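Engineer: Have a look at this one.
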Amino acid sequence: MVETIKLANGVEMPQLGFGVFQMDDLDECRRAVSQAIQVGYRLFDTAATYGNEAAVGQAIRESGIPRDQFFITSKMWISDYQGAAPEKAIDHSLSALGLDYIDLYLIHMPYGDVFNAWRAMEKAYQAGKLRAIGISNFSPDQTTNLMLFNQVKPQVNQLEVNPWNQQRENVTFNQSQGIQPEAWAPFAEGKDQIFTNQTLQTIAQAHQKTTGQVILRWLMQRKIVTIPKSVHRKRMQENFDIFDFSLSYDEMQMIGQLDRHKSQFFDPHDPAAMKAIVQGGRPGANQ
Ligand SMILES: NC(=O)c1ccc[n+]([C@@H]2O[C@H](COP(=O)([O-])OP(=O)(O)OC[C@H]3O[C@@H](n4cnc5c(N)ncnc54)[C@H](OP(=O)(O)O)[C@@H]3O)[C@@H](O)[C@H]2O)c1
């Protein structure tokens, strides 16, 4: 049974969900989301820039499960932050998903006219189109700057968090502010043999679980929401089956020691990465 976390505005968010980044084939995306719904996932994480909001919405409608059982996240891309574009981007996400409201809407990257984007999101939040609003890839100073000059506090900050890049400082900062941290790429997309790491394997064997399940459990115990992606039903099931065991303090410490304090994809605060992303890259894609 997936536990929920109460956001600062009282909205309940499942602690475990399903991500659909790099599901460019819309039939595959719809099929994967349908299977994930059958497995039991109710939180789905998409974004305007993934190009698959419509496929996610279709799978949700086809499930026949009431809308209020789901928690749907989407994100605004940098090219929509300026002028009147944010309002249109929110309406576009709503119509692509085929929904009357989105549970959580995020500023995808902390570059460009984020203040303009945020103020449009505040209005849509107050109008009931968005149940919660948040940010992604923001550092503590960027988050503080946004909070100091706006009315609505971000509810969530979605960050890369995995055993290679544990983001302790940023996670702790968000938690201290009542902002829920959410981990993208919990498996570092499998980079650097994360699934066969010796430490993770030893812990997995002790619990008769897989390394993937140990990673997700480690995030649950750090009170971080996460959204692993898979197009394979067996793995969706495996990634969902993490609520019948706990890691000990020592096991949590052992995983803590795997931290390399470095992204496997991009450092959102590195000027070169920033430039590449603004000029058309999709964060994390094929790196
Ligand atoms: N805010 C941002 O900037 C940002 C950036 C990146 C991602 N995200 C979000 O975070 C979500 C998750 O991150 P991600 O998709 O980049 O990476 P991820 O969840 O860390 O890893 C996905 C990869 O792991 C494989 N996998 C999944 N479960 C597995 C298991 N149990 N055993 C072995 N392999 C397994 C998948 O393969 P198969 O599919 O072949 O099973 C896929 O190649 C995304 O889908 C997206 O929603 C957000």
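Yeah, the Cβs are placed from backbone N, Cα and C, and that goes for glycine too.
Residues annotated as domain 'NADP-dependent oxidoreductase' in TrEMBL: 16-259. Look at TrEMBL and you will find Tyr50 tagged as active site, proton donor. Per TrEMBL, site 'Lowers pKa of active site Tyr' is recorded for Lys75. The substrate binding site annotation in TrEMBL covers His108.
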Engineer: For the residue listed as 'active site, proton donor', just give me the three-state DSSP call.
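Structural biologist: DSSP assigns the residue listed as 'active site, proton donor' to helix.
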Engineer: If you skip the near sequence neighbours and keep only those at least six away, which residues in the chain come within under 8 angstroms of Tyr50 (active site, proton donor), Cβ to Cβ?
Structural biologist: Val20, Phe21, Gln22, Met23, Asp24
Engineer: Using DSSP reduced to three states, classify the residue listed as 'substrate binding site' as helix, strand or coil.
Structural biologist: coil
Engineer: Express the distance between the Cα positions of His108 (substrate binding site) and Lys75 (site 'Lowers pKa of active site Tyr') as a whole number of Å.
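Structural biologist: Counting only the Cα atoms, the answer is 5 Å.
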Engineer: For Lys75 (site 'Lowers pKa of active site Tyr'), write down the residues of its own chain that are at least 6 apart in sequence and whose Cβ falls under 8 Å from its Cβ; none is a fine answer.
Structural biologist: Thr46, Ala47, Ala48, Thr49, Tyr105, Leu106, Ile107, His108, Ser136
Engineer: Ten-angstrom check, please: count other Cβ atoms within 10 Å of the Cβ of His108 (substrate binding site), all chains counted.
Structural biologist: 25
